[in-house]
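Look at Swiss-Prot and you will find 1-22 tagged as signal peptide, backed by sequence analysis. Feature annotation from Swiss-Prot assigns disulfide bond to C38-C82, C42-C65, C51-C80, C55-C81; the stated evidence is similarity to another entry.
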Amino acid sequence: MGSSRLMITFIVVAMLAISSDLFSVQIGISVQAAPPTCGRDCTEKFLTQDCDKYCVGLSYKKGVCILSEGLPPKTSTYRCCCS
């Protein structure tokens with residue numbers, strides 16, 4: 001009788017430990033950041049080199065200033081996009 005209680009307790013503890021690990025893995029996957037859409041504007045002072053440094057600081061490989069056409073009235077601006 002005592003050994004069966006010990007075995008049941010061991011099984012319950014093992015199941016809780018396994019489910020806890022699976023839960024933490026699921027949380028880690030759901031929290032990962034998605035790549036940003038094109039962010040801040042590129043200007044004469046904030047050029048492609050600055051955009052590249054900005055994106056590398058956000059853990060992306062590179063950044064490029066891309067022409068982004070706005071909605072009417074047409075306001076085209078250069079935006080810093082990370083990839």
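Numbering starts at 1 and runs along the chain as displayed.
Any Cβ shown, glycine's included, is placed from N, Cα and C.
Structural mapping of features recorded in Swiss-Prot.
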residue: C38; record: disulfide bond; DSSP class: coil
residue: C51; record: disulfide bond; DSSP class: helix
residue: C65; record: disulfide bond; DSSP class: strand
residue: C80; record: disulfide bond; DSSP class: strand
These are the disulfide-bonded residues: C38, C51, C65, C81, C82. Which one scores highest on other Cβ atoms within 10 Å?
C51
Rounded to an integer, what is the Cα-Cα distance in Å between C80 (disulfide bond) and C65 (disulfide bond)?
5
Please report the Cα separation of C81 (disulfide bond) and C42 (disulfide bond) in Å, rounded to an integer.
10
Tell me, which disulfide-bonded residues from C42, C65, C82 are within 10 Å of C55 (disulfide bond) if we use the C-alpha atoms?
C82
Looking at the disulfide-bonded residues C42, C51, C65, which ones sit with their CA no more than 10 Å from the CA of C82 (disulfide bond)?
C51, C65
Inter-residue C-alpha distance, C38 (disulfide bond) and C65 (disulfide bond) (nearest angstrom):
9
Whole-number Å value for how far C51 (disulfide bond) lies from C65 (disulfide bond) (Cα to Cα):
7
Surrounding CB atoms that lie within 10 Å of the CB of C42 (disulfide bond), all protein chains:
24
Densest Cβ neighbourhood among C55, C80 (disulfide-bonded residues), 10 Å radius:
C80
